[in-house]
């Protein structure tokens, strides 16, 4: 008897478990990150990835490159206790050839279904509705989380789904796609009062519509290779302005409170309080008792602190490779989405790993990049005695 097993299914299972785990982390379930159920999902995903790696065939070049990246992910995980980099690297290097659109469609379906389930459970009282007073710097407003950890998480998760929807329909976008996307963004804002997600979502929708103009398309594609440098430069500049007077001047107040809702100041303080290590370190929030407030929501600083210098450089390399590949393929819609996520990472700390940022998978555009090449025969056949 011959049993035919498609090993690409293992990659699907791995991604399915990852998305399920990160969606679970986004819910209002108390201490879910430390629960047995969470650990079962995480280690099941790792087990599936290991099985997939073992039965795959690699060239020597692929083996060396992938082993090096996985080793970095493991060292950062051991040092800090955070698995985000390891999971992101595995999701990238294990993706089968010509599999990007397939896996993005699967993620869209899974996230949409789980998003709906979480919201329904909150309406039924199973999960917390999460009515929260939100400090917006110059005013305080009310938002609901509908089963998520925070109203901002509701807005972020919903906007991420909308952007993925636009990505997958990039070649057939009609007026109805834009209208539906805009209506969903407005609804999310009304419920959550999440400004960052709302403005960036609207910005992405408008820019995608404008990208049909050749001049706009050319400008975006030319800017892509320098986009991450620009984001990092803007972040350093803003922190420098804040550091000059500890946020007391009008200009630093405008930048920190007006544009970033206090995130620049918190990121700057975090760099003063926490050490920058080689492979990262867990953040001890008890240090912040003197401030009576803690919220490090700057993704770039979080990567540097939680994954260290090596982890940050790895993320930088991955993102730069994606930007160059997207420009090469002239995928302007995807380029816009990447830029939006990079800007978003200055506002939300959850945007720097695969669970909340699907753009890392865009490396699947390149058959010869960090993505492993699969042979046309992608099945694993095992003979057994009848």
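Note that Cβ sites are derived from N, Cα and C of the backbone, with glycine treated the same way.
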Here TrEMBL annotates transmembrane segment, and of 220-243, 244-267 the range meant is 220-243
Expected hit for transmembrane segment in TrEMBL across 186-208, 278-300 is 186-208
For the transmembrane segment (144-166), out of 36-55, 67-93, 186-208, 332-354, most C-beta pairs under 8 A are with 186-208
